[in-house]
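For reference, the structure discussed in these notes is given below.
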């Protein structure tokens with residue numbers, strides 16, 4: 001019981017769905033640097049851990065910092081989070097995020113990989129600018145700035161930073177930017193925009209009260225909901241076309257079948273969402289994260 005009493009609020013503080021996304025994202029980007037079966041070696045796994053551990057620590061810093069500055073909003077939107085519920089004090093939250101940020105940067109500096117350190121530093125800066133309530137910061141107040149933060153971290157930093165860490169610092173190869181890498185970065189930009197927009201749909205009530213002018217507050221839940229659906233369908237269509245034009249047969253099969261399946265599932269799932277129910281929209285948002293996870297499984301097949 002004592003162990004669970006400690007782990008349960010800590011798990012909610014870490015926001016597990018973002019942790020899973022980071023694990024899959026870093027792993028998938030690292031696999032993009034693999035050129036032959038011989039690359040799957042102890043060197044690869046050590047390099048992966050060098051990236052994965054500080055990336056997860058930085059993930060906890062970012063989501064924890066957001067909770068520290070959103071306590072009153074989360075009492076309306078997410079009362080189950082430990083700071084909003086009172087299970088954690090503000091001092092505990094500050095101690096946790098400070099520790100995780102310091103550990104992340106310390107590991108990055110010890111590893112000595114420039115791409116890794118670049119990825120961690122950019123994530124730290126943007127995560128701080130997104131949440132901290134200081135002049136010229138608190139970028140989450142702006143729909144465009146908020147979406148840009150999430151897009152840069154999830155789509156650009158994760159794809160390029162951790163790929164280059166593996167390619168340059170681990171495998172000691174030239175920094176070659178391949179066609180699949182450019183496409184995947186662009187595709188994840190679309191997906192990150194959808195995540196940035198859809199995360200605010202179930203939070204409209206609290207955001208409106210506390211002056212967060214998200215796109216959902218401005219345009220309404222229904223319009224933003226269907227905007228997200230059509231953005232993803234456009235991204236899946238582009239991925240299907242690019243996959244089918246690949247010279248590699250298994251890329252054609254994986255990207256073709258996978259994205260037809262994802263697009264179909266998204267469409268059927270979205271038809272049955274009750275947009276008047278916050279719980280239903282929140283469940284749909286978590287479903288979008290599952291599609292995000294699934295995409296990272298397909299990415300290594302893109303050649």
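Every residue, even glycine, has its Cβ placed from backbone N, Cα and C.
Bear in mind that TrEMBL entries carry predicted annotations, made automatically and left uncurated.
Model, not experiment: these values are computed from the prediction.
Per TrEMBL, the feature transmembrane segment maps to 44-68 (among others). The list of residues near the transmembrane segment (44-68) in space but at least 6 beyond its ends in sequence, with Cβ under 8 angstroms from a Cβ of it, reads 13-15, 18-19, 22-23, 26-27, 30, 34, 74, 81-84, 90, 93-94, 96-97, 100-101, 103-105, 107-108, 111, 113, 116, 119-120, 123-124, 127-128, 130-132, 140, 153, 162, 165-166, 169-171.
Residues 9, 13, 50, 53-55, 57-58, 60-61, 64-65, 67-68, 71, 82, 116-117, 120-121, 124 of the same chain sit 6 or more residues outside the transmembrane segment (88-110) yet have a Cβ under 8 Å from a Cβ within it. According to TrEMBL, the transmembrane segment annotation covers 88-110 (among others).
Residues or ranges marked as transmembrane segment in TrEMBL: 116-137 (among others).
What TrEMBL lists as transmembrane segment is 144-166 (among others). Within its own chain, the transmembrane segment (144-166) has Cβ neighbours under 8 Å at 21-22, 25-26, 29-30, 32-33, 44, 47-48, 50-51, 55, 62, 113, 115-116, 118-119, 122-123, 126-127, 129-130, 175, 181, 184-185, 188-189, 191-193, 195-197, 200, 214, counting only residues six or more beyond its boundaries.
What TrEMBL lists as transmembrane segment is 181-198 (among others).
The feature transmembrane segment is assigned by TrEMBL to 224-243 (among others).
Residues or ranges marked as transmembrane segment in TrEMBL: 249-267 (among others).
Look at TrEMBL and you will find 279-299 (among others) tagged as transmembrane segment.
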Taking residues 6+ outside the transmembrane segment (224-243), which of them lie with a CB under 8 Å of any CB in it? 183, 187, 190-191, 193-194, 197-198, 200-201, 215-216, 251-252, 254-256, 259-260, 262-263, 266-267, 270, 273, 275, 281, 284, 288, 291, 302
May I ask for the residues of the chain that lie six or more residues beyond the transmembrane segment (116-137) and have a Cβ under 8 Å from a Cβ within it? 50-51, 54-55, 58, 61-62, 65-66, 68-70, 101, 104-105, 108-109, 145-146, 149-150, 152-153, 157-158, 160-162, 165, 169
Beyond the flanks of the transmembrane segment (279-299) by 6 or more, those residues with Cβ under 8 Å of it: 17, 20-21, 24-25, 27-29, 31-32, 184, 187-188, 191, 194-195, 198-199, 201-202, 221, 225, 228, 232, 254-255, 258-259, 262, 265-266, 269-270, 273
